[in-house]
Structures are given as C-alpha cells and as structure tokens.
Amino acid sequence: MTNIRKTHPLMKIINDSFIDLPTPSNISAWWNFGSLLGMCLIIQILTGLFLAMHYTSDTLTAFSSVAHICRDVNYGWLIRNIHANGASMFFMCLFLHVGRGIYYGSYLYKETWNIGVILLLTVMATAFVGYVLPWGQMSFWGATVITNLLSAIPYIGNTLVEWIWGGFSVDKATLTRFFAFHFILPFIILAMVVVHLLFLHETGSNNPTGLDPNSDKIPFHPYYTIKDILGLFLMIIILLSLAMFSPDLLGDPDNFTPANPLNTPPHIKPEWYFLFAYAILRSIPNKLGGVLALLASILILLIMPLLHTSTQRSMMFRPISQTLFWMLTANLIILTWIGGQPVEQPYISIGQWASISYFTIIIILMPLAGTLENYMLKPKFP
C-alpha cells in the first residue's frame, strides 16, 4: 500500500516540499537561513497576535498599553521583548540570506529572486509601521521624517503625505492605520513566502559550486531537516539571550519617552537594520535625489541578474569577485555605522564616499570583475 503522505492531496504538497524534496548534497550552512526566516515569521506572527490582544491603537493610550503589557500581562514583557528582538533576528537572517544569494549566484533563478526582493521590501514596510506603534518619541519622529520623504514626489507629493497621515500631521488616524497595516502585512508576507517556495521548487536549490546539482541529490528529510533544526536551536538561543538579558540593546532610549510633537529628539534615526539605507538617503543633499538613492539601494537587487557577466554562476572559484563582495559587505557595515551618527563632518563625507562605492561596486566593478575572470580563464596557447 502506498504511503498516505504520497497520495493524500494536501500531504503530497507537504511531502514534495519538505520530506522527499530532492536537495543538492553539498549545500552549506548558508542555505539554513530560508528555514530560519520561516521560523522568524512564525515567531513574529504568534508573539504579535498576543501583543495585539492587549494593545490599543490610540494616541492617548498606545504608550500606556505597551507599558501595561510589560507590567501586568502574564509574560507580557517576554512576548514584547521576543517580538522586538525577533525583528532584529529577522533582518539579520534576511541580510545573510540575500548575501548568500549574491555570493553564490542564486539571483539567476529570476522568479525566485524577484519575489524575494519584493518580500524584502514588504518586510521592511512591516517593520517600519510596527516601529511606530509603541508611540514613543522615536516612533513618532521616525514616522514623521520617513513619511515626509514622499513629499519629494513631484506634483502629488504633499497630497500623498496628507493622505497617508489621514490629516495634517502624524496623529491618531496615522497610528490606527499603521496598526491595521502592521496586522495584515505579515499574512501577505506568508502568502508571498509560499509563492517564493513555489518558484524555488520549480528549479530546485542552487549549491555552493554553482554547477548543475542534478547528478547528486539527496532527500530533504532527514538530512536537511536535522540540519535546519540545529540552525533553529542556535537562532532561538541567540534570540532568547537577547530578549532576556539585554532586551533594549538594539532599541533607542528615546522610545522610553512618550511621543511629544512639540519636542524633537536631537538625533532622529531608525532601527539598526535600516541605517545603511538611511545613510545613503542622508548622503545626498537634494530631497528627491535622496529618496531615489534610498529606493535604488534596495531595488538595485532586481538588476543583479542583468549585471552577471561571468561564465561561472557562483563566486566560489572567482577570487576577484570574492574580494569585491567582501568590500561590499564592509561598505554596508560602514554605512550602518554612519546612519547612526549625527549629521556633521567627518561622518557626512564618509557616508557620501561609502554611498558612491556601494553603487560603484555593484554596477561597475562586479560586472568588470566577471568579464576579467572570464578572460583569465581562457586558454592561451603560444
């Protein structure tokens, strides 16, 4: 008798996705981040659901309701800390996942890559509206500054900003709609993840060598299920350590002060995972130019497949491209640091140079390196 998991319409989908899925035998720990991101999403949805039961999206009570969750709700402090730090873990895994994709040429699976970039943008939008909800000083001013960027759009800018605000400033209407967005977006993300996996399973996973893996595949279970569980345990240990021992390490002290429209904090800055983009935004003296650079810093990922000039898929055997990749990584770390610094010299200049080099490495140097490596690999006879 055939096993039910191979015949039942619903079980068959699960079986073909997580149990009998043919997987390359040589994928490294860099391939763990997909499952970790899935777990992050589940953790965020569950903790978020419990927080939403006690949160009130009203300007007068939002801040107090978060304090109430932490003080009076059973394990409310833990749920809130896991949710806040879970976002940091989510972005850490996201950045590593995207970095893996760039390094090993996974972007050549165009449909999977494109839906992944859209997912990244959606997660960033969700995190942004979520950061506004506690209604602290940085929540309020972060929302004011970032939504104000839309006013740089010619002709319709100001109307668009007031439309998003639901008035003439960030107020009750803004908070209420941001809560609605923050509640619905994770479920949209969940649906997009299914599409992301659907496209991935059309082609199968890439592998570190970038070569066709069809000659050597193994079933996903038990080999990669056990490997994913190990990664999951490590992530949960880090997340719980962060949530229990230093829950406010990655937060902003200004957010312990209730929102006050009459008092601007000395340094308005977003959470750490947006700082690289914020640094690029601030590097351009023109408002519209800054907004376009901010968008380009993320949307540049969409043209990665067009910039691939090498005959090899992966960077595993391409030392020049590898050097550029790690230069790009260092560059992003510098941008993250600059994004958190005040707008004064030498930070302004460092930020501008880092922004220029970010785009130069991706658009000019990486394609050139690929072409050069192709030339170096050509056999040269006397």
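Note: Cβ is positioned from N, Cα and C throughout, glycine not excepted.
As recorded in Swiss-Prot:
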{"type": "TRANSMEM", "residues": "33-53", "note": "transmembrane segment"}
{"type": "TRANSMEM", "residues": "77-98", "note": "transmembrane segment"}
{"type": "BINDING", "residues": "His83, His182", "note": "heme b b562 binding site"}
{"type": "BINDING", "residues": "His97, His196", "note": "heme b b566 binding site"}
{"type": "TRANSMEM", "residues": "113-133", "note": "transmembrane segment"}
{"type": "TRANSMEM", "residues": "178-198", "note": "transmembrane segment"}
{"type": "BINDING", "residues": "His201", "note": "ubiquinone binding site"}
{"type": "TRANSMEM", "residues": "226-246", "note": "transmembrane segment"}
{"type": "TRANSMEM", "residues": "288-308", "note": "transmembrane segment"}
{"type": "TRANSMEM", "residues": "320-340", "note": "transmembrane segment"}
{"type": "TRANSMEM", "residues": "347-367", "note": "transmembrane segment"}
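Mapped onto this structure are the features recorded in Swiss-Prot.
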residue : record                   : Cβ within 10 Å
His83   : heme b b562 binding site : 21
His97   : heme b b566 binding site : 20
His182  : heme b b562 binding site : 22
His196  : heme b b566 binding site : 21
His201  : ubiquinone binding site  : 14
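Contact count against the transmembrane segment (347-367) (Cβ pairs under 8 Å) is highest for 288-308, out of 178-198, 226-246, 288-308. Listed binding-site residues near His97 (heme b b566 binding site): none (candidates His83, His182, His201; Cα-Cα distance within 10 Å). Between His83 (heme b b562 binding site) and His196 (heme b b566 binding site), the C-alpha separation comes to 24 Å. Comparing His196 (heme b b566 binding site) with His182 (heme b b562 binding site), their Cα atoms are 21 Å apart once rounded. Contact between the transmembrane segment (288-308) and the transmembrane segment (178-198) is not supported: fewer than 3 Cβ pairs lie under 8 Å, counting only residues 6 or more apart in sequence.
With a threshold of 8 Å between CB atoms, the same-chain residues lying at least 6 positions outside the transmembrane segment (226-246) that come near it are 29, 32-33, 35-36, 39-40, 43, 78, 81-82, 84-86, 88-89, 93. The recorded stretches the transmembrane segment (178-198) and the transmembrane segment (113-133) share 3+ CB pairs below 8 A when only pairs 6 or more apart in sequence are counted, and are therefore in contact.
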